[in-house]
């Protein structure tokens, strides 16, 4: 099995520290707001990885933390006039509901930062004792970045370049502008915990170093997260953990790709920011999961109406193949399983694995017509391999009937109307072209004109 390692910037043969057992830590969310579609990407990617490793016979200890104390949490609780614990419990429950709808299995352990403050304080003290950290005059404790020789190895950054590009610090308590906070002194009225340096709360980076090593040991197999965490969060985790323990922190670093919306970066300022629950109000959960798996986990995903329509149509093809066949385990001679494993063993290439499943679905459709006796075994194979990805778990009839009412006319008729509109536009008969567009819009079919022609989506799909 080959996995791309962000640290070495290449694919490597994956060999767990303990034969047959994988210890994996993934950075979870800061629970001050609802999860967005970018969080869903990370959740689904590492759920897929966990499912596949277990299917291949590994025992997986999957740990994903919860950051339940942070500046953003304090600010949101104050804005809401809500106790911090009430806010975080509400958001944790919402996260579990969202990921459950997406078919994401719960991690084995979900450590919370507030439950590990003693471990965090102990790690900070160890770093001070070793000369890697220092208490400052303002009550904060900072990490000495230049003291750690390997700083920048994950993000491939040079310290001097970082120093040259850093802004002038208003806070003069640091020895060096590159130093980052491990422990924040509490302001009056803020949530805080006692420490040798005064009441305060942990910095974000040290939380993950302490929780991951407490749960999985000083060195473990896989550390994952979103693409925005490579620097500074994961870079700082390495610096903290390896300085504290004197050992390599993580063998394989994995990062999921970003989610873009209509080819733009997702952000609240652009108005293209979507929470998972907003997305699931308009789209079936399995359609969203399929979209998130249709590309390689490291590739960026474009979240757009036509991409969701493609995902729905792909699922309909699979469920159409499975419809009317009772799956029964049996021999399937065409090597689909071997091809599926080869794709997934190549850095969890779900795009290639789904291509294999499309071939299997085509053979199942042929067997239903030409060799019905072979269909049950093929259906079983398709259900099992799809299940490894967390797909095809619904009753085919139910899935197809749920989507049947969405199209007010056949796809062939829609395409014919689009072609008639194109001909009208070519003849400069814009009244007819606009009339066709309006006619389809009245039926809930939205046309999108692009450089490569016209595509269509069902409104609200």
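Placement of Cβ uses the backbone N, Cα and C atoms for every residue, glycine included.
What Swiss-Prot says about this protein:
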BINDING   27, 208, 233, 237  Zn(2+) binding site
MOTIF     29-39  motif ''HIGH' region'
MOTIF     265-269  motif ''KMSKS' region'
BINDING   268  ATP binding site
| field | residue 233 (Zn(2+) binding site): tally of other CB atoms within 10 A of its CB | value | 16
| field | Site with most surrounding Cβ atoms, counting all protein chains shown within 10 Å, from the binding-site residues 27, 208 | value | 208
| said: What is the set of residues, excluding 27, 208, 233, 237, whose C-beta falls within 8 angstroms of the centroid of the C-beta atoms at the Zn(2+) site? | reply: 204, 205, 207, 209, 212, 223, 225, 229, 234, 236
| What three-state secondary structure does DSSP assign to residue 233 (Zn(2+) binding site)? | helix
| query | Do you know the DSSP helix, strand and coil residue counts for the motif ''HIGH' region' (29-39)? | reply | 3 helix, 2 strand, 6 coil
| task | Provide the number of Cβ atoms within 10 Å of the Cβ of residue 237 (Zn(2+) binding site), excluding the reference atom itself. | result | 28
